[in-house]
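This report concerns only the one structure given below.
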Amino acid sequence: MESGAENQQSGDAAVTEAESQQMTVQAQPQIATLAQVSMPAAHATSSAPTVTLVQLPNGQTVQVHGVIQAAQPSVIQSPQVQTVQISTIAESEDSQESVDSVTDSQKRREILSRRPSYRKILNDLSSDAPGVPRIEEEKSEEETSAPAITTVTVPTPIYQTSSGQYIAITQGGAIQLANNGTDGVQGLQTLTMTNAAATQPGTTILQYAQTTDGQQILVPSNQVVVQAASGDVQTYQIRTAPTSTIAPGVVMASSPALPTQPAEEAARKREVRLMKNREAARECRRKKKEYVKCLENRVAVLENQNKTLIEELKALKDLYCHKSD
């Protein structure tokens, strides 16, 4: 671009100089004659202007630059136009559609290959095995998993009377007595008590206490009858602490309650399974009947086609025999 600007400036200067020289030549009284015109090819280039030699009548030689300039390259450049190929998008869509069609055809072939043939269905119908597998009865949760029963060992409470005797009440209702001065094992005396059922609050519960000699004594439930080794019978009253005074570290354990109606739940589930089996068997029989009817219709059509073909064959044979005769 800088070289083009310089060429344009030199051309303008040459035109100005030529115009001034022409005006000078016209001012002379005599018209100048063209004596010699030389255009040296060796020095002429695309960038240098053409030089003309003009000889005046007085013998003076003047160099005149040519007015016609060679075509210079244009400084203005044409903007570049960017073309976008839309065919590539169309090709990508076509390729995607072709891939989808190939995938659909593969899936269709797989589905057709998985369909059972008429021979296989006919064999299934002729066999005695049921077409629909029966739903096996599941074992109820009550039968499979038995409830876990936790055994909790409760420590035996021991009471000491004012006379120094120890009283231990076991779970079975037996009362063991031991004196303070005797051995714990040899001095034990057992009283068997039969507990009565709980009644309304405010009533006194009586229970039998059996001594070592076989005698039975009727005493209230909150009293203990103790017979000493000497034969004296003493009565002690047991006071139970209220539930609110239980120590915070005591844990009350209770066994889990068994299900109240396991048999009814199992029977209901069994009825539901049997009903589902009956519905499945009914549907299977209906489908078998429809398929057999379809096969019978197809057999009838094939028999008619076979009869028609046999008749056409006979007609062709008769026609061939007549032509041969």
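Even glycines carry a Cβ here, placed using N, Cα and C.
Taken verbatim from Swiss-Prot:
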- 1-11: compositional bias 'Polar residues' (COMPBIAS)
- 18-27: compositional bias 'Polar residues' (COMPBIAS)
- K120: SUMO2 cross-link (CROSSLNK)
- K269: SUMO1 cross-link (CROSSLNK)
- K288: SUMO1 cross-link (CROSSLNK)
- 85-144: domain 'KID' (DOMAIN)
- 267-325: domain 'bZIP' (DOMAIN)
- S117: phosphoserine (MOD_RES)
- S126: phosphoserine (MOD_RES)
- S255: phosphoserine (MOD_RES)
- 1-27: region 'Disordered' (REGION)
- 92-111: region 'Disordered' (REGION)
- 124-146: region 'Disordered' (REGION)
- 268-293: region 'Basic motif' (REGION)
- 295-316: region 'Leucine-zipper' (REGION)
- R298: site 'Required for binding TORCs' (SITE)
Cβ neighbour count (10 Å, all chains) around K120 (SUMO2 cross-link) is 10
Sparsest Cβ surroundings (other CB atoms within 10 Å) among the recorded positions K269, K288, R298
R298
Whole-number Å only: compute the distance from the Cα of R298 (site 'Required for binding TORCs') to the Cα of K288 (SUMO1 cross-link).
15
Counts of helix, strand and coil residues, the domain 'bZIP' (267-325), according to DSSP:
58 helix, 0 strand, 1 coil
